[in-house]
Amino acid sequence: MTDSKLRSADPELEHQTRQGLPSLVLAALGVVYGDIGTSPLYAFREALHATGGSGADRANVLGILSLIVWALTIVVTLKYVTFVLKADNRGEGGTLSLMTLAREGLTGRPKWVLVLGVIGASLFLGDAIITPAISVLSAVEGIEVVAPALSNWVVPITLTIIAVLFFVQRFGTSGVASVFGPVTALWFIVLGVSGAIHIFDDPSVLAAVNPVHALQYIANNIGSAIAVLGAVFLAVTGAEALYVDLGHFGRRPIVTAWFSLVFPSLLLNYFGQGAFVLANPEMAEHPFFSMHPEWARIPMVCLATAATVIASQAVISGAYSLVRQAMHLNLLPRLRILHTSETQSGQIFMPQVNNLLFIFVAALVLFFQNSSGLSAAYGIAVTGEMFITSILLFIVMRRIWSWKLTAALAVIVPITLIDAGFLAANIAKFAEGGWVPVAVASTMALIMQTWTAGRRLLAARTKADEIPLSAIIDNLARKKPPTVPGTAMFLTSDIEGAPTALLHSLKHYKVLHEQNVILSVVTSTTPFVPDDEKIFLESFNRHFSRLVITFGYMETPNIPRALVLARKLGLKFDIMSTSFFLSRRTILPSKKGGLPFWQDRLFISLAENASNATDYFGLPSGRVVELGLQTTI
């Protein structure tokens, strides 16, 4: 059985057959749980600060702890672990995977679901610029506890770490990825042990498992409850990573890691911080680092920094993966992709994405200067993405899983209300910094909308000028031009129309190759396409045939590799005597076009900066012929 068949038939089995469960659990710790695992650095502290100066009060501490406990229980354990992880698209997760799955279940594949997916993906990218900044900054701020005199060095050290992190992306992370899991496992063990020790400072904090404390706190503190909820949400940021990385590890390792180590360690640490603050109210400024003995603080700063770098790496890799999915789904222009591993196709480096992320992350550190300031910016993008996930999950429950309406509503309504509550709490922080991820997400959504609308308009313009392929073939059969040896493959996005490159080739060269293949590349709504479903080959006559290659949106569209499959189906050609003909369009704006003039200019700029088709499809550059033409939109 081929790898692609196995992936389609049973994605969970595929993961289990390649690696044992323990090794997958360890690997998942380093990738999936880095973000949520570093939340104890700042979540409880920011919730205390949000109370307005009375944070160390027992009722406040118990209320905040109860809110954190039940946020982790409902948002992560109930929503993501229990339901969302089951909504895989042939083994893959993430907003775009869920969007394509939901669209499959609806008649006519409505555009509003696509819009939700675009917004969700844009919000993820808005969050991706904040996670590295707040995570690394909060870890380095431990220096303020260890050596207050070095406080002025927090920002320079943070910027140095971030610069190194983004610089080494070009070399790949496969060499050090093997230590991510063990380091993160050590981090969670230390979280759990240090928290368990300090619970004995005031064991009464365990009463916070009773949700009554959370409800009482909200009822008794209407004025500050919104701000506190916004800070409490920081404890669950990173929950979306469970679903984003589903395709890398499978559901079982992610669930096992959550229940066996991550969830217990987080609870113990938050309870420990709460007990420590009740016993030492003066330490509420930096409870995480302060609750460790002096001899352990420097090692904890180092371990926390390592954990936040790993968490940042996971977010960066997630951004690469999301952008690649968006490219293959034609939501973004083609960008340059470099593979940094010979054995793992998921190990990629995208220079343009990397540079933009670095600029934004560094700018955030310089602008906000501390993690408390950044916490105001953190959350609004994640809550928005989680809210969209709930809507898409409801569609999947009804249309894909065939749940009854009452059952689906019984699950989704409470979850969505909680999502809405957290979203409202984070929207309240818009002026303090929440505008940052919203601005980034809005920009990304505008780019995606412009690209899809521009491509649609360009396709319509092109189709209006095209001649049906059947008409060209019939005409050439009657008036056969001179033929030359070899094979010509003409790439086109329109399966029925005659490729513009073919028409221009006939016009300028006035010859025809012995064999002409009309080649189209199609992206499926599934993440992976089995080899036996990848190729559609149709012969018109001895000179012309049509070849359609279908790739999944998680696959790298490598045409030469796919041609090996086509050869097995009877396509005869010699790669060394095959020429690939492409059309390179120069797009001109028009004030009478279908888009506003400024959006025309944006689309043209995106098209001009897109990676060329030769590199994108892995074509041998020495065998490619590009024919230029102008199109007005």
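Positions of Cβ are set from backbone N, Cα and C atoms, glycine also.
What you see is a predicted model, and the numbers here were worked out from it, not measured in a lab.
What Swiss-Prot records for 24-44, 61-81, 114-134, 148-168, 180-200, 222-242, 258-278, 298-318, 348-368, 377-397, 405-425, 427-447 is transmembrane segment.
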Segment proximity, the transmembrane segment (377-397) to the transmembrane segment (114-134), 3 or more C-beta pairs under 8 Å: yes
Beyond the flanks of the transmembrane segment (180-200) by 6 or more, those residues with Cβ under 8 Å of it: 26-31, 33-34, 37, 40, 206, 261-262, 264-273, 275-276, 291-292, 300, 303-304, 306-307, 310, 313
Stretch-level contact, the transmembrane segment (61-81) and the transmembrane segment (348-368), CB cutoff 8 A, at least 3 pairs: no
For the transmembrane segment (258-278), distant same-chain residues with Cβ under 8 A (at least six beyond the ends): 25, 29, 33, 36-37, 39-40, 43-44, 48, 55-56, 58, 61-62, 64-65, 68-69, 72, 76-77, 81, 185, 188-189, 191-206, 208, 235, 242, 284, 287-288, 290-291
Most Cβ pairs under 8 Å with the transmembrane segment (148-168), selected from 24-44, 222-242, 298-318: 298-318
Outside the transmembrane segment (348-368), six or more residues from its ends: residues with CB under 8 Å to it: 128-130, 132-133, 137, 155, 158-159, 162-163, 166, 169-170, 172, 316, 319-321, 323-324, 335-340, 374, 377, 433, 436, 440
